[in-house]
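J.: Feature table excerpt (TrEMBL):
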- 6-26: transmembrane segment (TRANSMEM)
- 54-75: transmembrane segment (TRANSMEM)
- 81-100: transmembrane segment (TRANSMEM)
- 107-126: transmembrane segment (TRANSMEM)
- 138-162: transmembrane segment (TRANSMEM)
- 174-199: transmembrane segment (TRANSMEM)
- 211-231: transmembrane segment (TRANSMEM)
- 243-263: transmembrane segment (TRANSMEM)
Amino acid sequence: MGVSDNSTGLILAVLSSGFIGTSFILKKKGLKRAAAATGFSAGHGGYTYLQEPLWWAGMITMIVGEAANFVAYAYAPAVLVTPLGALSIIVSAVLAHFLLKERLKQMGVLGCVSCIVGSVVVVIHAPAESTPTSVEEIWNLAVEPAFLIYVAATLSLVAALVMHFEPRYGQSNILVYLGICSLMGSLTVVSIKAIGIAIKLTLEGISQIAYPQTWVFVTVAVLCVITQLNYLNKALDTFNTAIVSPIYYVMFTSLTIVASVIMFKDWKGQSVSDIASEICGFITVLSGTIVLHSTREQEPSPAPGTVTWYDQDPTKAVEEDEHLITVHNSDYFD
């Protein structure tokens, strides 16, 4: 008996989480090395990390993980694949404990268990994948009014974050960088799913290469991925990995599920009990990330000779070193 599409997607999603969780740690160490050597951080527009081998090792690991994730979306619905990204939280939390000295406290174990339990519930109640027969069919889903409204709202929010909020609050409010990443990420996922299905159909003998819609999805995916990576690097270089990963996971996963449900109608045909179970499983995963976030140890305090920047609330001061700006918060999303 052959392996079902959902099972194939599940296996690929789990492998993807392992690679992606590891990549966060490698990239973080690479960013720290580059900033320490040159005094220029990615959070302030520096790109010296491109000369750091460890950052590239993290990038390659992330590419492998994203490739597995890419293929997973071709076999299973986003409602199943995306929440399994929580497993990367566990990988990142454990590795950060040993390699970045971001200590995982005892309650963090409860957070890890919650992520696993929630993921299992989602897997059990996930809908079966319904593969479109052509990229034109996917395009018809993408141009329906409901999804066009979502796209317009997403791009408007991204424009506001980039042009208004980033210059003012990018270094003090983590939601600015991660908001851009997550919003663009939701569009990345639906585009990648469309591309994955097109490739799958082509390999099965139903070529989708000649369809212009295929290349529209490719273009959108490339632009969104570049934007995501740029702002994710800024977030990682500016804030503690332990706080970047859980918040990014919660925002990215929530928005991706919303986008997928609107475009691909993942919940169509499912019973109310199954949908409710999936939502409960997802909330359990989110709860796990919050517990993990709240119990992670803060990074060491900055050395003497710092500059203090203030948000609108004067109590929200951010300590920054004169040469390397690192915002110190506590957590862990990957």
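If you go along the chain as it appears here, the first residue is 1 and each next one adds 1.
Every residue gets a Cβ built from N, Cα and C, even glycine.
Just so you know, TrEMBL annotations never went through curation; they're auto-generated.
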J.: Counting only residues 6+ away from its ends, which parts of the chain sit with a Cβ under 8 Å from the transmembrane segment (81-100)?
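T.: Residues 9-10, 13-14, 16-18, 20-22, 24-25, 28-29, 65, 69, 72-73, 108, 111-112, 115-116, 118-119, 122-123, 189, 241-242, 245-246, 249, 252-253, 256-257, 260, 281-282, 285, 288-289, 292, 296, 332-334.
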J.: Cβ under 8 Å to the transmembrane segment (6-26), counting only same-chain residues 6 or more beyond its ends: which ones?
T.: 54-55, 57-59, 61-62, 64-66, 68-69, 71-77, 80-81, 84-92, 95-96, 99-100, 123, 126, 128-129, 236, 241, 244-245, 334
J.: Can you tell me which parts of the same chain pack against the transmembrane segment (243-263), counting only residues 6+ beyond its ends and a CB-CB cutoff under 8 A?
T.: 24, 77-79, 82-83, 85-86, 88-89, 92-93, 141-142, 144, 146-147, 150, 154, 174-175, 178-179, 181-183, 185-187, 189-190, 193, 232, 235-236, 282, 285-286, 289-290, 292-293, 296, 329-334
J.: With Cβ-Cβ distances below 8 Å as the criterion, list the same-chain residues six or more beyond the ends of the transmembrane segment (174-199) that contact it, or say none.
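T.: Distal contacts: 70-71, 73-74, 78, 82, 131-132, 135, 138-139, 142, 151, 154, 157-158, 161-162, 165-166, 208, 211, 214, 217-218, 220-221, 224-225, 227-228, 231-232, 234-235, 238-239, 243-244, 247-248, 251-252, 254-256, 258-260, 263-264, 327, 329.
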J.: What parts of the chain pack near the transmembrane segment (107-126), using Cβ distances under 8 Å and only residues at least 6 beyond its ends?
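T.: Apart from its flanks, the transmembrane segment (107-126) reaches 6, 10, 76-77, 79-80, 83-84, 86-87, 89-90, 93, 274, 277-278, 280-296, 332.
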J.: Do any residues, 6 or more residues outside the transmembrane segment (138-162), come within under 8 Å Cβ-to-Cβ of it, and if so which ones?
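T.: For the transmembrane segment (138-162), the sequence-distant neighbours (Cβ-Cβ under 8 Å, at least 6 residues beyond its ends) are 132, 176, 179-180, 183-184, 186-187, 190, 194, 197-198, 213, 216-217, 227, 255, 258-259, 262-265.
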